[in-house]
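According to Swiss-Prot, the protein carries these features:
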ACT_SITE  H188  active site
TRANSMEM  24-44  transmembrane segment
TRANSMEM  70-90  transmembrane segment
TRANSMEM  100-120  transmembrane segment
TRANSMEM  130-150  transmembrane segment
TRANSMEM  157-177  transmembrane segment
TRANSMEM  181-201  transmembrane segment
Amino acid sequence: MAIELGERISTSVGFLAELFLMKIPLFTVIVALLTIILGIVNIFLPIVDFFGLSWHNLINIRLHTLNTYPLVHHGVISFILGLLGIFLLMPRFERRYGTLCTIAMFFGFLEVIPAIAYLIACYVAESDDVYVGIGGWVYSLLAMYLLNLFGDLHPKLLNLPQVVRMALALVAPVLGLPLDFSITIVLHLTAVVISIIFSFAYMDFFLPRGGFLVWVETKFSKIIDAIPNYISVTEAAYYQADGAIPIQDLGSNSSGIV
């Protein structure tokens, strides 16, 4: 009985591992793996202060924290919720924009601008709180989902008036205040506002040019072709049809809200 149960568990784990490595897009897998690895390391080493976002780290010129703070978490609950958010929300976004563009966006303006807003708030409030966690990314993705960037996800919800969907996106971070009533609300709200502006195609200048992305993918095609579940610019354009990176321009979000 125990042997049979062990075999079933082993088969299930093997199936989940295969699904994880072969079905989920590359950037999503990398972020999830880094989150898991750093979560384990955090049990034994105090890495939150080194990777977390704080005014103290900025003064000490630890600029890497502008990019690393989503990958570490304070506790088990935030760790689990962060992973859940990544698996539920990130894959569709990556398929829509491609792996390279997704990396550029989530380690670029979608992450850095909210981080800067948080640091300014910390300076004004004379706070040295350390912010870690993937909450900013999750709220960004939720806002873009609500604003029809992914119109086939929840058609009933997306039939609501646009103003209502914008209000829902802005209210989402506020609902988390009872769990964490702190200055982090500034980062979360900034992430939502930036995502709303991006959804209306007013931040196209932050997107890497499609021609450059194609050049990079062509230059390193031998390496890229060997990487499982890498989403190329061409595949992203095909997936979204007339979405954020049109085939004829490969660098524009001109369609805005689908």
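Including glycine, each Cβ sits where the backbone N, Cα and C put it.
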Exercise. Who are the chain neighbours of the transmembrane segment (130-150) in space, where the CB to CB distance is under 8 Å and they lie at least 6 residues beyond its ends?
Worked result: 35, 48-49, 51-54, 56-57, 69-74, 78, 82, 85-86, 89-90, 92-93, 96, 106, 110-111, 114-115, 118, 157-158, 162, 165-166, 168-169, 172-173, 176, 184, 187-188, 190-192, 194-196, 198-200, 243-244, 257-258
For this session: Could you name the stretch, out of 24-44, 100-120, 181-201, with the greatest number of CB pairs under 8 A to the transmembrane segment (70-90)?
Result: 24-44
